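Peer 1: This is the structure, below, for whatever I ask next.
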Amino acid sequence: MIRPIDRRTFIVGGAAAGLTLASGALHRASAADPLKIGFIYVGPVGDFGWTHGHDLGRKAVEAKFGDLVKTTYVENVAEGPDAERVIRKLATDGNKLIFTTSFGYMEPTLKVAKAFPKVFFEHATGFKTAPNVAVYNSRFYEGRAVVGHLAGSLTKTGKIGYIASVPIPEVVMGINATAIWARKVRPDAEVKVVWINSWYDPGKEGDAAKALIDQGVDIITQHTDSPAPLQIAEQRGVLGVGQASDMKSFAPKAQLTAIVDEWGPYYIERAQAALDGTWKTSDTWHGLKEGFLSLAPYGDAVPAELRASADAIKAGIIDGSIHPFTGPIKDQKGEVKVADGAKLADGDLLGMNWYVEGVSA
Amino acid sequence: MNIDTLLPMLLTVIAAATPLLLAAIGELVTEKSGVLNLGVEGMMLVGAVIAFAVTVGTGSAILGIIAAAFAGIALSLVFGLLTLTLMANQVATGLALTIFGIGVSSLIGSSYIGTPVEKLAVLHIPGLSDIPVLGPLLFGHDILVYASVAITVLVAWFLKSSRAGLILRAVGESDLSAHSIGYDVIKVRYLAVMFGGLCSGIAGAYLSLSYTPMWVEGMTAGRGWIALALVAFASWRPWRVLGGAYIFGGVTILQLYLQGAGGIGIPAQVMNMLPYLATIIVLTVISAGPWRGRLDAPACLGKPFRPAS
C-alpha cells in the first residue's frame, strides 16, 4: 500500500531552519581549495535514463566552474543502509555539497546531515528539509500531461500501458497525470499499470512491456530508467515515450517524445551558492517553465495538428493558464476528489496515494 | 485464458528463462567439480558488453557470441588462476570477480551507451516454424534459445553417462581420492571453471543481443545471482536447472501479465514476491520431503585442493 505523506508538517521545519544558516563561507579553508561536491546515484551512470541525467548535471557543474570545484560520484548505491554508509563517506572525504539523487536516500541523507552540520545536502525528489538539507524536484507530471494528450490522441485500442517502478506518490502522480490528460481526448481510455518494484532492470522492464502489448496496449509509457520498454515497443510496432533521456536511437519509429530531465542549471545554481557562501536550505519544485524538464522533439508518428495541440498544452502549463490537476477529477470509484475548477495543491500532489478514474492497476 | 493470450506469454517466459538457464548450467558444471564461482554476474556482464561491442564492430552477431564466450572463459581463467593455482579463497575471489566484471564492462561499454543493435535473428525453419501455435512456440527462436536447451541436454548426458563426467563428479565429491588414483584434479577443475565462464559469457550475449538488444551498465540486474541460486534450487541436477529456470522465469512473467490484466485484487508487491516465495517453497519441499537425501551438494564444493604429497 502507499503510505500517505503529509508534506506540510515538514515545510514548517524547513522554514524554521533558514535562521541558522548564515555561515556558508566560514568553513572553506581558503579560496584556492576547490569546493568538493559529491553525488550519489541509485543506478549506473550508463543507464541512459535517470542516473545518466544527473551525471550530465554533474558534468555541467564541472564545465561551468572548472578548477573551482572537484566533483566525485558513487553509482549503483542501493536505497537503504548502504546509502547511509556512502553518504557518510562522501561527507568525511571533505565534500561540502552533496547531492543525493533518489527518493529512498531521504532518511539516510537526514541522518548523515545531522552528523555533519557544516556540509550542505541536496536531496532529489524528497520532502524533508533540515537546516543543511535542501530538497529539489521536477514537476514531471507536467510532461506527463502532454504525454497523456499524445497517447490519448494516438491510441487505437484505447489502452495505454504504464510501466511503474516503486509505489511512491511521485510515481502515482505521473500515472494519474497521464490518465487524466489521455481521457480528455479519449474519454474511454484506460491506463494499464504494471509495477516491477525496481527502478532499473532492463530485462524486466522489457518483459512488462511485452505483457502490456500482448494485452492490447498500443502505447507504452514508463517510469523506469532503461530504454528497454521503448525498444520492445519499436520491435512490436506500437508507440512509446522515452524516459529521462531522448531515447530515439532505440526507437526511431516508436518514440512519440521523451520527458528529458535537465538537472544541470539547478546544480550550477546551488554550487554557485555554496561557493559564494549564500547557500540556504530550500524546497525547490520546478517544472517546464523553469526548464527542469523538457520534451524531446516529436517523433514522426505525431501528426502536425497533434503537435500543435500538444504544444498549446505545454505553453499553457508554462504560462500558468493550465494546471494539469484541475478538477473535476474522480478517483477509481467515481468519487469526485477534486471539485470542478479547483486545482490540486502541491501538498496533496506530493502525498498522492489514490488513482484517478481510468487507471487500471 | 485462451491460447491467443497464453502463447505470447509463453514466448516471453522462454526469453526470460534462457539467460538464467545458460548461466546456471555452466555454474552447475563448475560446482560439480567442487569449485564455487560467485563471479557469474560479472562474467555475464563482460559477455554482454563484448558481444555487443563485437556485433556493432563487425556486424556479425555470431562473432559477437563467440567473442562473448571467449571473454567469459578469459575471466574464468583469472578466477581459476587465483583459486586453483594460487589457492585463494573461492568465495572472496568470486565476489571480487563480479565486482571486477561490473567495472570492466562499464569501462568497455561507456562508448556504446545509446547505441542500438539489431535483435538476434530468429532461426526460421521452413515448414516447422509455420505450424500454428507450435511453430512459434517451439521453432520460432534465435540460436541461443536452442543452444541453452542443447547445452543442458549435453551436460545431463555428460555428467550421467560419460567417463569424463564421472571423473568430474569424482573430483567434486572427493578430490583426494580422485588424485590418488591418478586424475589431475586441478586440470579437471580448470576445465570445469572455463565451461562455466563460457556459458556465463553466452548468457550475457543473450541479454545484450536478444533479450534487450542494447548495452546499458549493470543490465544483468542480478540474474547472475539468480542463476547461482538456481543451481542449489535444482540440487545440482541439469534437468532440474532447466525446470527451475522456466519456473522462475514463468512466475516472474506470469505476475507481470496478471498485473496487466488488472482487477485480480492482489497487490503488486505480493505478486512481485511470488518468484522468491516459489523458491523458498520448492527448497523447503525438496529438503524436507522424501527427496531429502538427494539434496546433495558436491562434497568438496568451495574447498581448495591441496595434494597431500
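Using N, Cα and C of the backbone, Cβ positions are placed for all residues, glycine too.
In case it helps, TrEMBL gives these features for our protein:
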{"type": "TRANSMEM", "residues": "B:6-26", "note": "transmembrane segment"}
{"type": "TRANSMEM", "residues": "B:38-56", "note": "transmembrane segment"}
{"type": "TRANSMEM", "residues": "B:62-84", "note": "transmembrane segment"}
{"type": "TRANSMEM", "residues": "B:91-113", "note": "transmembrane segment"}
{"type": "TRANSMEM", "residues": "B:133-159", "note": "transmembrane segment"}
{"type": "TRANSMEM", "residues": "B:190-209", "note": "transmembrane segment"}
{"type": "TRANSMEM", "residues": "B:215-234", "note": "transmembrane segment"}
{"type": "TRANSMEM", "residues": "B:241-258", "note": "transmembrane segment"}
{"type": "TRANSMEM", "residues": "B:264-286", "note": "transmembrane segment"}
Peer 1: Short question: which residues 6 or more past the ends of the transmembrane segment (B:91-113) have a Cβ under 8 Å from it?
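Peer 2: For the transmembrane segment (B:91-113), the nonlocal Cβ contacts are 36-46, 48-50, 52-53, 56, 75, 78-79, 82-83, 215-218, 224, 302.
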Peer 1: Per the definition of 3+ C-beta pairs under 8 A with sequence separation of 6 or more, do the transmembrane segment (B:190-209) and the transmembrane segment (B:241-258) touch?
Peer 2: no
Peer 1: Tell me, please, if the transmembrane segment (B:133-159) and the transmembrane segment (B:38-56) are in contact, taking contact as 3+ Cβ pairs under 8 Å between residues separated by 6 or more positions?
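Peer 2: They are not in contact.
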Peer 1: Between the transmembrane segment (B:6-26) and the stretches B:38-56, B:62-84, B:241-258, work out which stretch tops the count of Cβ pairs under 8 Å.
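Peer 2: Counting Cβ pairs under 8 Å, the winner is B:241-258.
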Peer 1: State the non-local partners of the transmembrane segment (B:215-234) in its own chain: residues 6+ outside its ends, Cβ under 8 Å from one of its Cβ atoms.
Peer 2: 19-20, 23-24, 27-28, 31, 38, 40-45, 48-49, 52-53, 98, 102, 105-106, 109, 112-113, 115, 200, 203-204, 207-208, 240-241, 243-245, 248, 279, 282-283, 297
Peer 1: List, by number or range, the same-chain residues at least 6 past the transmembrane segment (B:241-258) whose CB is under 8 A from its CB atoms?
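Peer 2: Distant contacts of the transmembrane segment (B:241-258): 5, 9, 12-14, 16-18, 20-21, 24-25, 28, 149, 152, 226, 230-231, 233-234, 264, 266, 271-272, 274-275, 278-279, 282.
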